[in-house]
Amino acid sequence: MASSSTPRCNSSSLENSSIKKPLKDGTNWEHNEEIPRLPGEMRVTDKEVIYMCPFNGPVKGRVYITNYRLYLRSVESDPVVVIDVPLGVISRIEKMGGASSRGENSYGLDITCKDMRNLRFALKQEGHSRRDIFEVLTKYAFPQSHNLQFFAFLNEEKFSENGWLVYNPMVEYRRQDLPNEQWRVTFLNEHYALCDTYPSLLVVPYNATDEDLKKVSAFRSRCRIPVLSWIHPENQAVIMRSSQPLVGMSGKRNKDDERYLEIIRETNGQISKLTIFDARPSVNAVANKATGGGYESEDAYPNAELFFLDIHNIHVMRESLKKLKDIVYPHVEESHWLSSLESTHWLEHIKLVLTGAIQVADKVSSGKSSVLVHCSDGWDRTAQLTSLAMLMLDSYYRTIVGFEVLVQKEWISFGHKFASRIGHGDKNHADADRSPIFLQFIDCVWQMSKQFPTAFEFNEQFLITILDHLYSCRFGTFFYNCDSVREREKLSEKTVSLWSLVNSTKSKYTNPFYTKELNRALYPVASMRHLELWVNYYIRWNPRIRQQQQNPVEQRYMELLALRDDYMRRLEELQITNNPKISSSSSSSSSSQMMSHVQTHF
């Protein structure tokens, strides 16, 4: 998505792609400044460098470091080259070459990013010229490793909407007509005493007491007991989520856990067995017995049927993404593209996650059976499966606000380890806990939106913005591993939510083809023939790869909306010019009345 001002090297942030005017998302120009700055953003240092552009060769410029971003502006090239990278996106900073290195531009810094790109800057070799910039970059890119605050705690942006108010668990459960005669809300975890990685409010079977829940928690990994995520509005079948049972090598049993699963099965009056979807390959589930984990055996749970979904662990996914990056950045291997893509297994993993979610959704909707979903600890693959199944079954989650609720609920509140998986502000790039689990989920959502182009209120830009700010550390939305820590750190009081940005500029993220349909289940085709590599995300930094063009009808629709807005602005100006005494309130009311006459429809 090349900037109009940076056609040679497409490396600027998606939101901050223009350098010719103030940015609409809160970024403003400071007087006589060379760089855009957010409220609360401070310039730290700047230096002359040579940007080693992998597409067009060396570019002389000046790099500016703030407490939020790395910003490079070329000084001699036409058109101007701009790179705008939030420091939170940086995964690794390495020194390139030494004082005695020979060869032009062999001395400098190598920067690895989390968003599928790398940056290389060459500096002069005299007088340890890179030492200062290396130290400053390392300090502000990895604040957690240097006892500094995340930029989100310094961000002073103001938005018309408060994104922290998007998700209220009680409101969301009431939307699902809960609690009811079969399901109740428990505050047993209000102070996170039952499970420190679960939310404070849980929905459980009416016939299970809080004492029962405590006993069950002792037999589930990390005390993550089976709790309700979603209930079908018609057949009352439910999607439950949990962690693995602590069976171990000796095949331990727990009567309380067995009885609890039986209560879940009976709650919607079903006669058939409770379906348990274990996200792991069966061999991994068996291997987990050696570390005290395991799965529900037929002997211990005679009224349950168990299916393994063969989705691999976080380490396999991390290596798969690494292989994908190798073939898309900086250069795409055209001659062996299909075989190279296949060798990464990335789309194969996407297929398995989607296939698993389809099975969950179909069992609940068509099979009218309650299901329990778990992996090992219930915060990675489990979140992928429950949230995608809910997206398939519930049209509310396909709206902009509904999707925000889904992410807040199934991912953030239920303890997906964002801090560990993304490594916010942490210099330990080789941490084995890093993994692109949430990226995979967003990729699956994009695959669905491609197959059902009118079913989602949000567009591709919405999904890319979420991923950009998953790393940026500009907002507090994805910080920390669980709600108990977020509450302790007073995150909602001290930081801005990403949803504040999105909901204040909703038109930017709206799909013009969206058609609201209630209670329509979506089942995407999860075969390899129907899955695509998301070029506009994974290969967006390469100016030589032709971006997937915007639909011409969508493009014309957006042009008409912009034209309408321009006419409304000019109308207001004319009204004020012709009648200076007119009040601002009457002006706005008259313009809103006029709006009804100039609405653009398909």
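Numbers here mean position along the shown chain, with the first residue as 1.
Cβ atoms here come from the backbone N, Cα and C positions, even for glycine.
Per TrEMBL, the feature active site, phosphocysteine intermediate maps to Cys375. The 10 Å shell around the Cβ of Cys375 (active site, phosphocysteine intermediate) contains 28 further Cβ atoms across the protein chains shown.
Marked as substrate binding site by TrEMBL: Asn313, Ile314, Cys375, Ser376, Asp377, Gly378, Trp379, Asp380, Arg381.
According to TrEMBL, the feature compositional bias 'Basic and acidic residues' maps to 22-34.
Sequence annotations record features per position, and here TrEMBL assigns compositional bias 'Low complexity' to 583-592.
Annotation comment: TrEMBL describes 163-538 as domain 'Myotubularin phosphatase'.
If you look up TrEMBL, you'll see 344-391 marked as domain 'Tyrosine specific protein phosphatases'.
A C-beta separation below 8 Å, combined with a sequence spacing of at least six in one chain, links Asn313 (substrate binding site) to Arg280, Asn284, Ser376.
Arg381 (substrate binding site) and Cys375 (active site, phosphocysteine intermediate) have their C-alpha atoms 6 Å apart, to the nearest angstrom. Applying DSSP to the domain 'Tyrosine specific protein phosphatases' (344-391) sorts its residues as follows: 32 helix, 4 strand, 12 coil. One way to see the shell of the substrate site is to take the Cβ centroid of Asn313, Ile314, Cys375, Ser376, Asp377, Gly378, Trp379, Asp380, Arg381; the remaining same-chain residues with a Cβ within 8 Å of it are Ala279, Thr382. Taking a C-beta cut-off of under 8 Å and a sequence gap of six or more, Trp379 (substrate binding site) has these contacts in its own chain: Thr197, Arg224, Ser243, Phe414, Gly415, His416, Lys417. In the structure shown, across all protein chains, Arg381 is the one of the binding-site residues Asp377, Arg381 with the greatest number of other Cβ atoms within 10 Å.
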